[in-house]
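> Have a look at this one.
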C-alpha cells in the first residue's frame, strides 16, 4: 500500500512561531510513518518557506526553498534544487500553525486553491473563530452565553465610564494570551489598549467572568463529533499564558491544568454538549478546542475557540484526548483521515 503523503507546515510569521515549532516536533515524533510519508515545511519568522528533514530548533540549517503551488495540476510542492524546481505531490496538508496566517483562514485559502485536502477548519470557520467578536456574535445569536463586550479600533478611545470593572482588554485576532491585560480601573485602560494594539488593529474589551475556566477538545466533521475529557485551569494569580513562559515543559508558573476537570460529572457533560454546540454553530471541521467559563450558578459562558490548538508536550488538546483514551499517534491518524474524508 502506498503511503499517504502528508505536508506538515509549521513555524510562521505570528508571535506563536516558537509554539508551532514545538507542536510540529511532537507530531513528527508520533506520526505513524508506516502509514504516512511526512514532508516538513517550515515557515521562517520572515515568511520564507523551506522544506526540511524534520522540525527542530535548528530546522533552517538543512533545508531547501519550497512553496505550495496554487496550481491544481501540481497538487503539491515546488522545491528548488540546483536552481531548478521539482514537484512533489502531496495528498493532504496538516497546518500546525498558530495565530495569524495559520488559524485565520489565510493558509486554508491556499489549500483550497491548490485542491489539497487539509486538516482543520475551512476558511470561513477559521476566520470566524479567530476574530473573537465575530465568534461572540454568531454564538450569542444561537443562544450561547458570551461575555458583555465592546469593540474599538486601534487609536480609538472607549467610553471608560460605561465599563464595569474588571474587564479584559485583548487583541480581537490573536492567541496564547499575547497582548491580553486584566484591567481593574479606568487608569489602567489606556496602557492595556496600547498593549493589545501591538498585536491587532481591532481590540476587544470584555467583561470579566467569574467562575472557573474549562476547555473541551472536539474532533469530527459535521454531526459525528468526538470529545475529549474536560480540563480545568486553576490559577494562583494573573492570567493563563503558559506559551509565553520560559520553561513551560516543566509546568506553568501560575497555573495548574487539571484533566479531567475537578467538577461533577453532570457539569462535565454539560460542558461537552455546549462545546459541541459552539463547534457546530461556528461551522468547525476536523478539530477545535473550545474554552468556556463554568460559573458558580452552573452557567456556561464562551471564552474562545482555537481551531489549530497546540500539540506540544504540555498542550491542552492532546492531554484532553489522552484522558479520553486517544493516544497522540491515534489522534494524528484520525485528524488526517477526517481531512481526506471531508
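Backbone N, Cα and C define each Cβ position, glycine as well.
A quick note: this is a predicted structure, and the numbers were derived from the prediction, not measured.
Not my notes, these are from Swiss-Prot:
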type: BINDING; residues: 132, 168-170, 176-177, 206-213, 240, 303-304; note: ATP binding site
type: BINDING; residues: 243; note: substrate binding site
type: BINDING; residues: 304, 306; note: Mg(2+) 2 binding site
type: BINDING; residues: 304; note: Mg(2+) 1 binding site
type: DOMAIN; residues: 136-337; note: domain 'ATP-grasp'
> Sequence gap of 6 or more, C-beta under 8 Å: which same-chain residues meet both conditions with respect to residue 306 (Mg(2+) 2 binding site)?
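Within the chain, residue 306 (Mg(2+) 2 binding site) has Cβ neighbours under 8 Å at 103, 129, 175, 288, 289, 291, 317.
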> So how many other Cβ atoms are close to residue 170 (ATP binding site), meaning within 10 Å of its Cβ?
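For residue 170 (ATP binding site), the count of other Cβ atoms within 10 Å is 27.
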> Can you tell me how many other Cβ atoms are located within 10 Å of the Cβ belonging to residue 206 (ATP binding site)?
20
> For a quick check of packing: other C-beta atoms within 10 Å of the C-beta of residue 132 (ATP binding site), how many?
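Excluding its own Cβ, the number within 10 Å is 26.
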> Which ones in the same chain are close to residue 303 (ATP binding site), with CB under 8 Å and 6+ residues apart in sequence?
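For residue 303 (ATP binding site), the qualifying residues are 209, 213, 291, 292, 293.
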> C-alpha of residue 212 (ATP binding site) to C-alpha of residue 304 (Mg(2+) 2 binding site): distance in Å?
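For residue 212 (ATP binding site) versus residue 304 (Mg(2+) 2 binding site), the Cα atoms are 14 Å apart.
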> Please report the DSSP secondary structure of residue 132 (ATP binding site), reduced to three states.
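The three-state answer is helix.
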> Within the domain 'ATP-grasp' (136-337) only, compute the mean pLDDT.
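Mean pLDDT, the domain 'ATP-grasp' (136-337): 89.
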> List every residue in the same chain as residue 304 (Mg(2+) 2 binding site), at least 6 positions away in sequence, whose Cβ is under 8 Å from its Cβ.
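In sequence order, 129, 132, 135, 291 meet the Cβ cut-off.
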> Can you check what DSSP calls residue 209 (ATP binding site), collapsed to helix, strand or coil?
coil
> Counting across all protein chains present, how many other Cβ atoms fall within 10 Å of the Cβ of residue 212 (ATP binding site)?
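So the number of other Cβ atoms within 10 Å of residue 212 (ATP binding site) is 18.
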